[in-house]
Protein chains: 2
Amino acid sequence: MSIITIVGAGMMGSAIGFPASDNGHEIRLVGTPLDREIIEHARRTGEHLTLRRRLPERFRYYQIEELDEALAGAELLVSGVSSFGVDWFLEEILPVIQETLPVLAVTKGMQDTEDGELIPYPHLYAKKLDRRLSLNAVGGPCTSYELADHDPTEVCFCGEDMEVLRRIKALFETNYYHVSLSTDVVGVECAVAMKNAYALAVTLAVGLSERTEGVGGTLHYNSQAGLFGQSVREMRRLLALVGGGEENIVYGAGDLYVTVFGGRTRLIGTLLGRGLSFERAMEELEGVTLESIVIATRTARAVRRLIELGRAKAEDFPLLLHVDDIISRGAQVAIPWSSFETEETRA
Amino acid sequence: MSIITIVGAGMMGSAIGFPASDNGHEIRLVGTPLDREIIEHARRTGEHLTLRRRLPERFRYYQIEELDEALAGAELLVSGVSSFGVDWFLEEILPVIQETLPVLAVTKGMQDTEDGELIPYPHLYAKKLDRRLSLNAVGGPCTSYELADHDPTEVCFCGEDMEVLRRIKALFETNYYHVSLSTDVVGVECAVAMKNAYALAVTLAVGLSERTEGVGGTLHYNSQAGLFGQSVREMRRLLALVGGGEENIVYGAGDLYVTVFGGRTRLIGTLLGRGLSFERAMEELEGVTLESIVIATRTARAVRRLIELGRAKAEDFPLLLHVDDIISRGAQVAIPWSSFETEETRA
């Protein structure tokens with residue numbers, strides 16, 4: 001029996017505690033300053049406010065001021081914070097933990113730099129901290145509520161040290177939560193981050209269908225599939241650009257698939273495809289800043305920088321750049337279908 | 001203005017005539033001996049019996065005995081026959097056409113041999129005929145009725161000669177039908193053929209969801225996405241086995257996506273996932289032999305042969321072999337989730 005401390009009590013951070021709890025481990029769920037209500041509610045009712053499910057009996061709840069108590073004796077620290085909490089986590093949490101405590105972060109994608117580099121958060125954290133921490137991440141197709149409901153789920157834990165990864169896997173592996181391992185942190189993180197931009201791209205087709213069939217009408221799959229195929233094509237190119245292994249396209253494709261059917265990203269893409277401007281589409285979401293939009297624009301910005309630097313070609317990323325134009329420049333939806341065409345001559 | 005003769009008046013053969021017709025070419029639709037009623041009906045009403053749509057004005061209709069007339073002056077022969085018609089096409093049509101007449105076949109996948117080889121039909125035809133014909137094929141995510149309805153569609157034409165491919169593309173390219181080209185015939189054909197087995201695999205998850213949520217209930221996407229990711233993983237391995245280029249995974253993924261949402265393959269997978277035996281599931285389809293089932297079992301058979309020959313490993317294809325066990329050996333659905341897990345060490 002091990003103690004696993006999760007900092008960040010949002011939907012995914014909480015859901016990832018389920019398989020570990022099923023394995024008999026004690027889960028200490030620590031709220032960030034933004035999670036006070038979630039922790040209060042869980043303490044009172046045993047239910048998660050936004051996941052809308054009963055939490056396992058083995059969960060214990062802590063407000064952020066109780067962090068030390070929550071970390072005492074922990075074998076693993078899980079970061080469940082969203083992209084908007086990564087800086088806070090770096091400044092408030094990572095400096096105070098023991099160096100022997102490994103960290104597993106729900107993947108937050110990559111940070112783009114002035115040089116057009118895309119750096120995964122584990123590497124970014126390592127650079128900014130003057131400490132040798134074991135920083136690992138989890139990515140792959142996994143919606144929080146389905147994990148909580150024990151739907152068969154396949155994910156990947158990535159990190160520098162395979163031995164550490166195996167030990168972390170042993171804490172979480174169940175008959176419904178299946179874990180692959182990889183030391184290709186750049187490859188896995190890139191593959192998973194890319195789904196955000198491309199899920200928007202694929203769901204544009206849903207909105208486009210609605211222009212002819214009406215809202216909620218018959219869906220057209222040729223166009224969705226064409227965009228899905230082009231997404232895989234561009235994701236392969238981006239993986240090559242960042243130096244990630246080709247095999248990680250598996251996580252990109254699977255995660256793209258699950259995100260296309262998810263809630264808010266699909267809704268945004270659909271509204272854009274219908275013809276709403278990005279501003280109007282965001283209004284429909286009542287101002288909730290979509291994490292996926294942030295990661296999508298960050299990915300596009302890095303690619304544009306690489307194009308400026310002559311290290312990437314604009315004609316290799318027509319779909320990504322078009323999605324970025326829609327989000328960042330108020331462009332109308334006008335998918336550049338012809339630009340997806342290629343000529344391949346067998347070597 | 002060119003004359004394009006299509007032999008095989010089924011849904012896809014007929015639909016592929018639409019973009020060429022929109023480009024101003026004359027389309028001569030020739031029925032096989034099994035298409036008599038379709039041709040009769042089209043002559044009488046201008047409508048396609050199974051596509052259930054009005055055919056373009058430029059279409060002309062021929063019964064099989066009028067083949068010579070239909071071929072006179074043609075610049076391209078399109079084969080629209082199903083997998084069940086490939087032998088007939090090889091024996092009755094290919095021997096009688098002029099050698100200067102290029103052929104474009106709607107992809108029928110690959111034939112497996114005793115040596116575990118998977119040979120694409122263009123190559124098989126070339127081996128069996130004592131003629132030098134230009135044999136090309138089209139693959140990629142494209143359902144016939146959506147093409148007929150002008151949904152944006154991305155496909156690939158493959159063949160030996162890029163110049164010929166460009167000429168054929170020029171006949172078909174429109175603002176809704178977008179064509180990539182490739183001389184990697186093995187790669188494209190393999191990628192497209194594989195979708196059949198793996199679409200069954202992914203849709204098993206739909207039926208599995210129904211066991212808990214009821215028929216037509218909430219779908220679970222973690223499991224579908226996990227199977228989709230594993231499908232991409234196995235498709236990459238199979239591409240490597242047959243010597244196809246890695247980039248063709250784009251067509252495999254896109255075509256898999258469109259087939260997962262299609263009609264009968266999805267239905268079969270769903271019924272199997274629900275727990276019906278393969279026999280019972282086929283009864284529900286009222287005895288209609290599914291082309292996709294044939295191609296799926298053929299793919300699995302080739303992989304099993306390669307495993308016997310020591311050229312492939314069973315642990316690399318757990319999902320394919322499980323689907324084959326369900327179809328060919330009456331096995332219960334029991335997806336081997338754990339066997340999908342991998343460990344990748346960065347080079």
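Please read every residue number as a count from 1 along the shown chain.
Each Cβ is built from the backbone N, Cα and C atoms, and glycine gets one as well.
Curation plays no part in TrEMBL annotations; they are all automatic predictions.
Under DSSP, A:Lys195 (active site, proton acceptor) is assigned to a helix (H, G or I) in the three-state scheme. Listed in sequence order, A:Gly252, A:Asp255, A:Leu256, A:Thr259 are the same-chain residues six or more apart from A:Lys195 (active site, proton acceptor) with CB atoms under 8 A from its CB. Annotated active site, proton acceptor per TrEMBL: A:Lys195, in sequence order.
Spatially close to A:Ala9 (NAD(+) binding site) yet at least six residues away along the chain are A:Leu29, A:Val30, A:Gly31, A:Thr32, A:Asp35, A:Ile38, A:Ile39, A:Ala42, A:His48, A:Tyr61, A:Gly80, judged by Cβ distances under 8 angstroms. TrEMBL lists A:Gly8, A:Ala9, A:Gly10, A:Met11, A:Met12, A:Gly13, A:Arg264 with the feature NAD(+) binding site.
In the predicted structure, the domain 'Glycerol-3-phosphate dehydrogenase NAD-dependent N-terminal' (A:4-163) carries a mean pLDDT of 94. For A:4-163, the entry in TrEMBL reads domain 'Glycerol-3-phosphate dehydrogenase NAD-dependent N-terminal'.
Here the domain 'Glycerol-3-phosphate dehydrogenase NAD-dependent C-terminal' (A:184-333) has, by DSSP, the following mix of helix, strand and coil residues: 117 helix, 0 strand, 33 coil. Per TrEMBL, domain 'Glycerol-3-phosphate dehydrogenase NAD-dependent C-terminal' is recorded for A:184-333.
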Helix, strand or coil: which one is A:Gly13 (NAD(+) binding site) in, per DSSP?
helix
Fewest neighbouring Cβ atoms within 10 Å: which of the binding-site residues A:Gly8, A:Gly10, A:Gly13?
A:Gly10
What is the total of other Cβ atoms whose distance to the Cβ of A:Met12 (NAD(+) binding site) is within 10 Å?
22
Just how spread out is the NAD(+) site if you go by the largest Cα to Cα distance in Å among A:Gly8, A:Ala9, A:Gly10, A:Met11, A:Met12, A:Gly13, A:Arg264?
21
